[in-house]
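Take a look at what TrEMBL says about it:
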type: BINDING; residues: 7; note: Zn(2+) 1 binding site
type: BINDING; residues: 8, 35, 39; note: Zn(2+) 2 binding site
type: BINDING; residues: 35, 41, 45; note: Zn(2+) 3 binding site
type: BINDING; residues: 139; note: Zn(2+) 4 binding site
type: DOMAIN; residues: 3-53; note: domain 'Pre-SET'
type: DOMAIN; residues: 56-179; note: domain 'SET'
């Protein structure tokens, strides 16, 4: 199937999130539905972006201003391009509350509330994760959070994808806003535990 050919977003009455170049074209707060194993399209379908994983060369580095570790890109990133997924252990919000108290005492936490429709689950990247674990907070970030659904359509369990808000230069640090709320008019918000980034320094 092509973008016009009735892939899953059309079937679930949602707009296609990407243009032909794989750049996101819907506003943050709206869900992204990618094609999955039940679709007839192949791996190169333009509606398979997040599921292909990280496509840029990224690098973990030690920040010079006391913010601990950070992530920079080694390549230029085009605006609205998928950069990385925030991954970790999926736990209940009750367990997140318990772990959060421990993490607060340690001065570091990696809890990301999956509160797209209701606050039932949290992603904890402290023990299991990828390079997103090292991305720092900024109030003027170059990455934006989107809620993505692929194989699993349970709205309580979105996958968290980070897309470029603007063109990003090679060598530039990647950041997102841990306290971001996406369009509260739709009651669709994504926020990180407010103490998320206290590893090796303060926010």
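Cβ coordinates come from backbone N, Cα and C, glycine included.
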Note the mean pLDDT of the domain 'SET' (56-179), expressed as a whole number.
94
Rounded to a whole number, how many Å is the Cα of residue 139 (Zn(2+) 4 binding site) away from the Cα of residue 35 (Zn(2+) 2 binding site)?
33
Just counting, how many other CB atoms are there within 10 A of the CB of residue 45 (Zn(2+) 3 binding site)?
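Result for residue 45 (Zn(2+) 3 binding site): 19 other Cβ atoms within 10 Å.
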Cβ neighbours within 10 Å, counted over all protein chains: which one of the binding-site residues 35, 39, 41, 139 has the most?
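When each Cβ's neighbours within 10 Å are tallied, 35 tops the list.
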Whole-number Å only: compute the distance from the Cα of residue 41 (Zn(2+) 3 binding site) to the Cα of residue 35 (Zn(2+) 2 binding site).
8
